[in-house]
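Each remark here refers to the structure printed beneath this line.
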Protein chains: 2
Amino acid sequence: MHFTLEHTDPATRARAGRFETAHGTVHTPIFMPVGTVASVKGIHQKELREEIDPDIILGNTYHLFLRPGMEILEAAGGLHAFMGWDRAILTDSGGYQVYSLSANRKIREEGVKFKSHIDGSLHVFTPERVMELQRSIGADIIMAFDECTPYPCDYAYAERSMHMTHRWLDRCIEHLKKAPPKYGYEQSFFPIVQGSVYPDLRRQSAEYIAGADAVGNAIGGLSVGEPAEELYAMADEVCRILPEDKPRYLMGVGTPINILENIALGVDMFDCVMPTRNARNGMLFTSEGTINIKNRKWATDFSPLDPMGLTFADREYSRAYLRHLFAANEYLGKQIATLHNLGFYLWLVREARRRILDGTFGPWKDKMVVQMDKRL
Amino acid sequence: MHFTLEHTDPATRARAGRFETAHGTVHTPIFMPVGTVASVKGIHQKELREEIDPDIILGNTYHLFLRPGMEILEAAGGLHAFMGWDRAILTDSGGYQVYSLSANRKIREEGVKFKSHIDGSLHVFTPERVMELQRSIGADIIMAFDECTPYPCDYAYAERSMHMTHRWLDRCIEHLKKAPPKYGYEQSFFPIVQGSVYPDLRRQSAEYIAGADAVGNAIGGLSVGEPAEELYAMADEVCRILPEDKPRYLMGVGTPINILENIALGVDMFDCVMPTRNARNGMLFTSEGTINIKNRKWATDFSPLDPMGLTFADREYSRAYLRHLFAANEYLGKQIATLHNLGFYLWLVREARRRILDGTFGPWKDKMVVQMDKRL
């Protein structure tokens, strides 16, 4: 995998680039819709391709490990074939879900023992095991197994955990040396910077991760409850250290404003459940601000869902209709809102890319972060 | 509305025909997908148009009355505009739902008093009121307000109820004389035959309904729990009496086999929640029989969902993938199964039409009812 840095914005540190995968080119900055259990909730793959058009989506190793399980994914020939998605896929390492979802998790140097949140069955994730799982899934980009520290997290714990994450990284790399990709195409490996909200730890971790000389690098352990200022400060520190010529992936971020601010700091890749999860709760992101479509004020607003008209859902349905679907608890409402939000997120990163390439990103970003902060 | 009888099958009494509405031509036999609360559950209007392609869908007056309510539907300019569906719509009279869903319903000569199943609010439906509701909804075909008797139902009740349904019919007709359609296009009125499972009552009711000389006629009070033989026997009796030159609509029917058998008896129009509701429970209808996709046997069947490939869902997803989505409780599973089942139902009536037109309906129907009765 080779990353081509196409342009850096003069006013900020925003970058436009691209990299190739066995499943197509990924143009950055990019937002990766989250397809947790081999499905971006409420959206057909066809719609995702034709209406949202992301170069890459994300799958969750923890969820895929539990259902459908590796045996079925391997028999299918990997996740791409299983779910019918022929563009790029990135999988996380499962760590985040183990810490946030599973019960009775025990973190040791060897790995993590945990109980499934579905049936209470006992499992162990080690760095080596998680590399194997991601090989079986067959994602184009696979992530190091790390500990995602909670927020707040005391300094001593954050430091100890960071060092363990670094040792786990070495084990992941060691394991992958002996294990070629399973399906005949390249699976690129990204290590993950940790260090909670402590600038010196973040710098130390970024140096360590940069030293691994991977094809791309990730920033983890953020967007876990810390104030936006701390998120930006950490991304800033880390982006100054991570190599310029590799894509930088900020995991689990975030709001449209978070995304633009982090693009300005030099982040290239994002993923978050926010556009899909909030959609299912009736919250729409737009370029003018957020909409709670359940609000009575939309009951007789027969104008199109979003005048930007990015997806057929924005053009063909009215706000009044969507509000009705939420009031009547009709699942089509969630489908429509999901299409809208993902359409908007992908527009946002594509527009950011266009602005970076033509040198107008800075002022546009400043205008957008004010505008998008409104509630309509 | 004018019905053109194009062809009658030589071996059965199956008919192919068509009629015009302000929202396009309806080709019969037809199955009308049910869009209960202004949405065919789990399906975008765009998909319904492009993948399922029905000439007409059904809306439920009772549900639309409760949500979004007539004020909003009128402000939108009717249901077509509100939901973004520019083909024909038929609305039922709300009677069936009042009897099956609402609490504390009291049926009197004047009408029915009932409590909403949503918030317990008190409402009254009279024949006149229900005509007004259907005018506000703006459906192309509107139905008489009737009493749908339960099964079983004793003779005395069925007879009394049938006569009341006839008197209510007269009130509907009387009311509509003074009330032109609300949105400038024709709303065709269909009366409904009742009479439970008593052949003499069914004949008597069919004579009465035929005498109303409406542009189309419906058969109600069936598919409420009676054995298939009684359903067929009643439809048979009634179809022999209802005029040849008007479409015949058998309400709330049914399985694919029910539909073919009733087409053979001379029925032209059908609606049922079965393809959509059963889809949401993982049951697929196919030309080879039914599939319970939750069954473990499909877990590694990576062949396309249905080799007939009627919709993109049948071509792009495997049985193993759909089984996984149901196992993981992912809503996309319900969306896929719904697309499949509606695609199959519409194929079934279109194929029936083609066979009627080319004179091969009878033997094809006999083969299909055996084949579709299997469990795969």
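Keep in mind that glycine also has a Cβ here, set from the backbone N, Cα and C atoms.
Remember, predicted model here, so these are calculated numbers, not experimental data.
Range B:252-258 is the one annotated as region 'RNA binding', of B:175-181, B:182-188, B:252-258 (source: TrEMBL). Residues B:Asp92, B:Ser93, B:Gly94, B:Gly95, B:Tyr96, B:Gln194, B:Gly221 are recorded by TrEMBL as substrate binders, and the candidate that the same record lists for that site, out of B:Asp146, B:Asp268, B:Asp301, is B:Asp146. Cβ atoms within 8 Å of the centroid of the Cβ atoms of B:Asp92, B:Ser93, B:Gly94, B:Gly95, B:Tyr96, B:Asp146, B:Gln194, B:Gly221 (the substrate site) belong to the same-chain residues B:Tyr99, B:Met143, B:Ala144, B:Phe145, B:Glu147, B:Cys148, B:Ile192, B:Gly220, B:Met251, site residues excluded. Note on the region 'RNA binding' (B:276-280): residues 33-34, 40-42, 334, 337-338, 340-342 of its chain, located 6 or more positions outside it, place their CB under 8 angstroms from a CB of the stretch. Here the region 'RNA binding' (B:276-280) is broken down by DSSP into helix, strand and coil counts: 5 helix, 0 strand, 0 coil.
With the fewest other Cβ atoms inside 10 Å of its Cβ, the least crowded of the binding-site residues B:Gly94, B:Gly221 in this structure is B:Gly94.
The Cβ of B:Asp146 (substrate binding site) has B:Ser93, B:Gly95, B:Thr165, B:Trp168, B:Leu169, B:Ile192, B:Gln194, B:Gly220, B:Gly221 as same-chain neighbours under 8 Å, each 6 or more residues away in sequence. For the active-site residues shown (B:Asp92, B:Asp271), fewest C-beta neighbours within 10 angstroms: B:Asp271.
When the recorded positions B:Asp92, B:Gly94, B:Tyr96 are compared by Cα distance to B:Asp271 (active site, nucleophile), the shortest distance belongs to B:Asp92.
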